[in-house]
Amino acid sequence: MYLKEGCSLLLKVRKPSIPFVLNTAPILNPTCNNEANLNPHLVKECDVLRRLRHESDITLALEYFKSIANSKSFKHTPLTYQVMIEKLGRGAEMDGVQYLLQQMKLDGISCSEDLFISVINSYRQSGAAEQALKTFYRVQDFGCSPTVKIYNHIFDALLNEDRFHMINPIYSNMKKDGLEPNVYTYNILLKALCKNNRVDGAHKLLVEMSNKGCSPDAVSYTTIISCMCNLGKVKEARDITNRFPPIVPVYNALINGVCRESNIEEAFELLNEMMNKGIGPNVITYTTIINALSDAGNIHSSLPFLALMFKKGCGPNIHTFTSLIKGFFLIGKSYEALDMWERMMEEGIYPNVVSYNSLIRGLCSVGNVRKAVSVFNQMERSGFSPNVTTYSTLIDGFAKAGNLVGATETWNDMITHGCHPNVVAYTCMVDVLCRNLMFDQAHCLIQNMVMENCPPNTITFNTFVKSLCGSGRVDWAIKLLDLMEENGCLPNITTYNEILDGLVKENNFTLAFGVVKEIEERGLKLNLVTYNTMIHGFCCAGMLEEALKVVGKMLVGGLKPDAFTFNIIINAYCKNGKVEFAIKLLDAMSAAGWCPDIVSYTSLICGLCEFDSLEEANVYLHRMLKEGTVPNVAIWNVLVRFLFSKVGFSEALIFLDNILDG
C-alpha cells in the first residue's frame, strides 16, 4: 500500500471517564487546602461558582468540587451542582453527570428544569439519545416534573439521531400527561415527519396546530416547504405559500427547490416576486442563485448578482465566494478563480476548511497540482487541519497527473496525522495504483478496506475493473464480480459496460453475449454505451450485419442512436466499400436532426476518395465547409494523396486552390 514504515491507521480512542468515589478522603491540591482551612466557615457560593467556572481543567474542577464538600466548609447548592454537571456534560463525562444527579438526590436537592434540559442536551451532543430517554423516564426521581420544554429537548435529541419511531409514542404520553404542545414542539415534530419524507403527516400536523389554537410560525412553514422542494414537489409547495404571508426563508426554500431542478428562469421569477412584494432577499437568496448558475457553468451570469448584492448592501459570505470560485474552475478559468479568492480576502472574509477544499479541488481539476499543494500548505499554516476530503482531493489530483509519489506521500501524511481514510480516499488511491498498473497493490488495498471496516463501494470496484479491462486483464475483471457480491456491492451497468468493452476489444463475442445476457437477467437496462460498445466491436471485426442487428434491437428497446452510433456505422460502410449506404445514412442522420460532425465527414470523404468518387467527395467537402466544419489533417492527407496519384501535380493544385477559394 506504499505506507511509510511504522505507519498504521490511527483510530481515535475515547478518553477514559473521570473516576468517582463516594465518601473518600479528598484529594486536595495546595490551593484547595489553603482555601478550605483558612476560611472553614466563610466559603461563599459565589466563590465556589467562580472557581468552578474559571477552572479549565475538568479533573481539577471536579477535585475541588469534591474536596470543598468533604471539608465541611461548604454545602453544595442547586447552582453549584448545576455548574459542575454542565461542565461535565460539555466534556462528555456522562458517568460523572449521572453520579452527581444521584448525589443531588441523596442530598435532597431537587433538579431544576434548566439543569435537566442541560443533561439531555449533553447526551444529545454525545450522540446518546437513548440514554437521554432513559434519564428522562427517571425525571421524577430527581425531584423534577416533566414539562413541555423538557419534552421538546427529548424530541430534539431523538430527532438528531433519526430515531423517528421513538418520537410518536412519547408525544402520545405527553398529551396523556395533560401537557399541551407549543409551537416549538410542533416544529420539531414537523421536522421529524419531513426528514422521514412524510409530507402528508406534516400537513395533518399543521391542521392540528391550527385546531389547537397554536398558529404555525415561519419555522413551521419553512420546514414543510423545504421538505416538499427536496422531494421535487415545488409546484405544490408554491400553492401552499399562497395560504400565508410570504417570508424570506420560505422564498429561499422555493428558490433552492427550483435551482435544484435547474430551473433558473423560475428562480429569477421568484426573486422578482420577492422584490415586488417588498421582501428583501438576503445573502442566502443571492448565494443560492449564484451557486446554481455556477454549477451550470454560467458563471458570467452570476456576477451581476454579486454586484446586486453589494448595491443592496447585502454582503456576500464565504459560501457566496466559494460558489463563484467553484464556477470559474468549472469552465477552466483558474486565474479568475484565484482573483476571486483574493477579492474574498480583501473583503475581510477568511476561508474555512470547505473553501480551502473547493480551491484545492478546483486547482486539481485544471491540472495545477503544484498550486494545490501550495494552498494545502497555506491551509495548515493558517491553523486549519486538513480533513479526509482535503486528502482525497489531493490524492485524486496526483492520480490524474500520473504522480504516484505525490499521491503516496499524501496518503502517508493523512495516516500519520490520524485522519482515517474513507471510501472516497481509498477509491482515489486504488485509482492511482491502477493508473500505474500496480494491480496487485490495488487489490490488497481493497482487501484492507474490508479489514478496516470501510467496505468498498461500486465506484471503487468500477475503478479497478476499468483499469483491468483497459490493460487486457478482462479475465481478472470478471473474477471481481464475485468479490463485489461477497462485499454486498452489486455490479451496475457501468461495471458490465467496462467488461463488455474489454471483451469486444479482444473479439471475444461469445463471452460478450454472455455478459449482455447476464445484464438482462439481473434486470439492468442496457444503455446507449452498452449498445455502442457492441456495435463498435462488430464493426471493427468486419461483422456489419451483426452490428446492424444490434442497432435494430436498440431501436426496438426505445433508445435513439447518437452521433457516435451513426459515425460507427458510416465508417464501417465506407471501409466495406458500401459508400452509397453511408451517404444514405448521413442524409437520414441530417433529416432526423443530427448534425454530421468532423468524424462523419472524415469517414465519408475518405471512403469516396478510396473508391475514386472525387466529385462526390468534393460535394461533401463543400457541404462541410458551408456548415462551418473545418477539415482535419486526415481529410487533407487523403485528398492530396488521391489527387497527386490520379490527376497529376498541376491539376491537383488547381483543385485544392478552388476548394480553398470556395
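Any Cβ shown, glycine's included, is placed from N, Cα and C.
Annotated features, as they stand in TrEMBL:
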{"type": "REPEAT", "residues": "112-146", "note": "repeat 'PPR'"}
{"type": "REPEAT", "residues": "182-216", "note": "repeat 'PPR'"}
{"type": "REPEAT", "residues": "282-316", "note": "repeat 'PPR'"}
{"type": "REPEAT", "residues": "317-351", "note": "repeat 'PPR'"}
{"type": "REPEAT", "residues": "352-386", "note": "repeat 'PPR'"}
{"type": "REPEAT", "residues": "387-421", "note": "repeat 'PPR'"}
{"type": "REPEAT", "residues": "422-456", "note": "repeat 'PPR'"}
{"type": "REPEAT", "residues": "457-491", "note": "repeat 'PPR'"}
{"type": "REPEAT", "residues": "492-526", "note": "repeat 'PPR'"}
{"type": "REPEAT", "residues": "527-561", "note": "repeat 'PPR'"}
{"type": "REPEAT", "residues": "562-596", "note": "repeat 'PPR'"}
{"type": "REPEAT", "residues": "597-631", "note": "repeat 'PPR'"}
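Counted with DSSP, the repeat 'PPR' (422-456) comes out as 26 helix, 0 strand, 9 coil.
Remote same-chain residues near the repeat 'PPR' (457-491) are listed as 423, 426-427, 430-431, 434-435, 437, 439, 442-443, 446, 449-450, 498-499, 501-503, 506, 508, 522 (criterion: CB distance under 8 Å, separation of at least six residues from the stretch ends). Long-range contacts of the repeat 'PPR' (282-316) within the same chain, counting only residues at least 6 positions beyond its ends with a Cβ under 8 Å from a Cβ of the stretch, are 248, 251-252, 255-256, 259-260, 262, 264, 267-268, 271, 274, 323-324, 326-328, 330-331, 333, 347, 349.
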